[in-house]
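Structure record follows, encoded as structure tokens.
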Amino acid sequence: MVAVAILAAGKGTRMKSDLPKVLHPLGGRSLVERVIESCALIKPERICTIVGYRAAEVKMALAHLPHLEFVEQTEQLGTGHAVQQLLEPLKDFVGDVVILNGDVPLLRPETIADLVSTHQKNNNDATLLTAQLPNPTGYGRVFCDGDNLVTQIVEHRDCNDAQRKNNRINAGVYCFKWGVLAEALPKLTTNNDQQEYYLTDVILHCDKVMAMDVADFQEISGINDRFQLSAAYEILQDRIKEKWMKAGVMIHQPDTVTIDDTVQLEPDVMIEPQTHLRGNSLIKTGCRLGPGSLIENSVIEANTTILYSVVSDSQVGENAQIGPYTHIRGQAKVGEQCRIGNFVEVKKSTIGNNTNMAHLSYIGDATLGAKVNIGAGTITANYDGVNKHQTVIGDRSKTGANSVLVAPITIGEDVTIAAGSTITKDVDNDCLVVARARQKEIKGWRLQS
């Protein structure tokens, strides 16, 4: 059996934030969520998250994840002290324990699976992940013999000048036989520069300790400040965009595009520069997104084009033309072959197939049928100062420019509303509606001097 322990008790002082460091977002998920997800391939029997700073907030943020256990570390006295908190909850556990840091979010599941496999295949007491860094400053150094068996681990601040020339660093990721670790943890001392309990000192009490180098040292990047968080985001984005381009998605100027790894894309999607895809969005084949668009938590059906527009929490049907400068939001549903154009906002509305609203309109809390044409400047006046009200427009109806529909109101099918009208009453099918003051010409209206 395998258990996982995630160290997530620290404050993260260098983040300059009240938010616990492990809860800072990285591409749509918190740092610690990404660490938890990286354990998927080893299928752990138990996942223990060690919390401390603002523990209740961390627990609440992770409450949606199943089978997660929390262990509190009331004082933060080092990594060894954090793992000592497992002695009671894991007192009856038999198997191996993987130790991960909650602020190292880029580890691939395959890397953790390889670590566990190496550990078990070689019957090690402990196996630690290492990396060869071009600049290892700040990391503990790992010293091994010719068989990758560890002879010594020295924290950076405790290294002498000769030891600091070693580029093999400790990534802070371990797999231990729990029985060996549990026996060694009470023996830790604070005899070091930081006066803390170092988990690495457990190695002194293990007979066989092996190091395994990670293939890509970027995986073990830790997050201690905003600059490192930004750098990790760039690494994550490179991975995501490479994956989708290899799957048949075209991304122009990828350095200007961001895609959350919760987004799903189908082949032959084209993503133009300065476009951002977030949340649980699904983009179907043949769509063109951008330039300059934001899609968030939305479904975009096949062969739809969205230019310089924002779509959030909504659905857009096939072969639609959206933008430029359109805002669709609030669980809106746009049908097939619709055109929604310049400076149009659609909020919490259902738009039927083949409906057009080309410019300068607000459609809120409305249901529009098929083949409706919304003239420039049409407004659904849905708010009375207290409540929102519904507007219904039937199939094939048309609103003239600068029309106002005062909700609640129902406009029937095949209705034409004259330009400049303010409609306050329901309208039957197949009517022409004129609701505006008559034009009047008054000659000689100026006073004679």
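In case you wondered, yes, glycine gets a Cβ from its N, Cα and C as well.
Annotated features, as they stand in Swiss-Prot:
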| type | residues | note |
| --- | --- | --- |
| ACT_SITE | His359 | active site, proton acceptor |
| BINDING | 7-10, Lys21, Gln73, 78-79, Gly140, Glu155, Asn170, Asn224, Arg329, Lys347, Tyr362, Asn373 | UDP-N-acetyl-alpha-D-glucosamine binding site |
| BINDING | Asp103, Asn224 | Mg(2+) binding site |
| BINDING | Ala376, Asn382, Tyr383, Ala419, Arg436 | acetyl-CoA binding site |
| REGION | 1-226 | region 'Pyrophosphorylase' |
| REGION | 227-247 | region 'Linker' |
| REGION | 248-449 | region 'N-acetyltransferase' |
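The two recorded residues Gly140 (UDP-N-acetyl-alpha-D-glucosamine binding site) and Arg436 (acetyl-CoA binding site) have their Cα atoms spaced 79 Å from each other. Long-range Cβ contacts of Asn382 (acetyl-CoA binding site) within its own chain (separation 6+, distance under 8 Å): Gly364, Asp365, Ala366, Lys388, His389, Gln390, Thr391, Ala407. A Cβ distance under 8 Å defines the sequence-distant neighbours of the region 'Linker' (227-247), meaning residues of its chain 6+ beyond its ends; these are 15, 24, 26-27, 105-106, 218, 221, 254, 257-261, 265, 267. A straight line from the CA of Gly78 (UDP-N-acetyl-alpha-D-glucosamine binding site) to the CA of His359 (active site, proton acceptor) spans 61 Å.
DSSP classifies Asp103 (Mg(2+) binding site) as coil under the three-state reduction. Taking each Cβ in turn and tallying the other Cβ atoms within 10 Å, the top scorer among the binding-site residues Tyr362, Tyr383 is Tyr362.
Secondary structure of the region 'Linker' (227-247), assigned with DSSP and counted as helix (H, G, I), strand (E, B) and coil, comes to 20 helix, 0 strand, 1 coil. Within 10 Å of Leu7 (UDP-N-acetyl-alpha-D-glucosamine binding site), as judged by C-alpha distances, the recorded positions found are Asp103; the full candidate list was Asp103, His359, Ala376, Tyr383, Ala419, Arg436.
A straight line from the CA of Asp103 (Mg(2+) binding site) to the CA of Lys21 (UDP-N-acetyl-alpha-D-glucosamine binding site) spans 7 Å. Comparing the Cα of His359 (active site, proton acceptor) with the Cα of every entry in Asn170, Ala376, Tyr383, these being the binding-site residues, the smallest distance points to Ala376. Counted over every protein chain shown, other Cβ atoms within 10 Å are most numerous around Arg329 among the binding-site residues Arg329, Arg436.
Here the C-alpha separation of Tyr383 (acetyl-CoA binding site) and Tyr362 (UDP-N-acetyl-alpha-D-glucosamine binding site) works out to 12 Å. Fewest Cβ neighbours within 10 Å among the binding-site residues Asn170, Asn224: this applies to Asn224. Counting in whole angstrom, Ala9 (UDP-N-acetyl-alpha-D-glucosamine binding site) lies 67 from Arg436 (acetyl-CoA binding site) by their C-alpha atoms. Of all the binding-site residues listed here (Leu7, Ala376, Ala419), the one with the fewest other CB atoms within 10 A of its own CB is Ala419.
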